[in-house]
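Asker: Structure incoming, see below.
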């Protein structure tokens, strides 16, 4: 397996003081997950300078991503604990234009999981990518970036993100969102959309709100401010203050809920049932094709070997025949010479008898 990065930033177990939501997931999520904890593997792709580290560290209320990381694949793996419930969180970042290394990484993690499934030990870490946050630039998307999103959407749950939403007016932001939706539709890019179950009670309204606001436009901040008598995460400007948790101003809270509250289990299940199963199917098809190719090659080699042996056998038979013919000629010649000699002797004897 190639392009598997080493863990460059491991903070171990982090007990967070500001709840992010995974310890109070809905009843629809398996009870066993509440006991054993949760796993989430997040891939973040996009140009450098769009606020990846600030966004991720804000979502999980922990310093998971280092601002000094490289543009190549960088992985962090940690455990964060909220109200005695743990979340095993893996963050992989990548900021180059060519996403071949990312696709190789996704396939390598799928292959690792596949190999572990075939082994004796069934308890192993799930390192497959559960969701990809694709950070969109404020200027025009390039053809390469559109292609990148399409290819990623074929391999994992893609969630396009409009970062730094505070640089737009409400009307501008509405236009940006509509433009992104149009690009996704025109290029057959299927982003992750939560399943809306009308029988989920209050959760139905919450999920409907999340779906209606996609693609998400977010504002992130790791800084806490005292504002209006409260300690709030937000951003200060000359003209005022933005509380990033306020859903009227941006979709940060909706994105956070999607990842670690309302749809955490759906992301992992879709990874397993759709993307990973597609990968397994390809592996089996390749192995079957390889088996057929090996069988065909074996038959060709066997046929060729028999032909060579037959050719050698026929050549040997011909050589023996030739040798036999030569021996036949040799003995025939010797017999002829002997007969001639015997005839000559007989003539001489007969002649001597006449003389006497």
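Cβ coordinates are placed from backbone N, Cα and C, and glycine is handled just like the others.
Dumping what Swiss-Prot says about this protein:
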| type | residues | note |
| --- | --- | --- |
| DOMAIN | 36-286 | domain 'Septin-type G' |
| BINDING | 46-53, 70, 164-172, 235 | GTP binding site |
| REGION | 46-53 | region 'G1 motif' |
| REGION | 93-96 | region 'G3 motif' |
| REGION | 163-166 | region 'G4 motif' |
Asker: What mean pLDDT score does the region 'G4 motif' (163-166) have in the model?
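Answerer: Averaged over the region 'G4 motif' (163-166), the predicted model reaches a pLDDT of 95.
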Asker: Counting every protein chain present, what is the number of Cβ atoms, excluding its own, within 10 Å of the Cβ of residue 49 (GTP binding site)?
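Answerer: The answer is 11.
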Asker: Around the Cβ of residue 170 (GTP binding site), how many other Cβ atoms lie within 10 Å? Please give the count over every shown protein chain.
Answerer: 10
Asker: When you measure from the Cβ of residue 164 (GTP binding site), which residues in the chain that are at least 6 apart have a Cβ under 8 Å away?
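Answerer: Residues satisfying the criterion: 50, 51, 138, 219.
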Asker: In the structure shown, which of the binding-site residues 52, 167 has the fewest Cβ neighbours within 10 Å?
Answerer: 167
Asker: Taking residues 6+ outside the region 'G1 motif' (46-53), which of them lie with a CB under 8 Å of any CB in it?
Answerer: 65-67, 69, 71, 93, 95, 133-137, 161, 163-164, 220
Asker: Just to be sure I understand the packing, how many Cβ atoms besides its own are within 10 Å of the Cβ of residue 235 (GTP binding site)?
Answerer: 18
Asker: For residue 46 (GTP binding site), which residues of its chain lie six or more apart in sequence with Cβ-Cβ distance below 8 Å?
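Answerer: Residue 46 (GTP binding site) has long-range Cβ partners 52, 95, 133, 134, 135, 136, 137, 161, 163.
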Asker: Does DSSP put residue 49 (GTP binding site) in a helix, in a strand, or in coil?
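Answerer: Residue 49 (GTP binding site) sits in coil per DSSP, no helix or strand.
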Asker: Which three-state DSSP class does residue 167 (GTP binding site) fall into?
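Answerer: Note: residue 167 (GTP binding site) is helical by DSSP.
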Asker: Which residue counts does DSSP yield for the region 'G3 motif' (93-96) in the helix, strand and coil classes, in that order?
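Answerer: Its residues divide into 0 helix, 2 strand, 2 coil.
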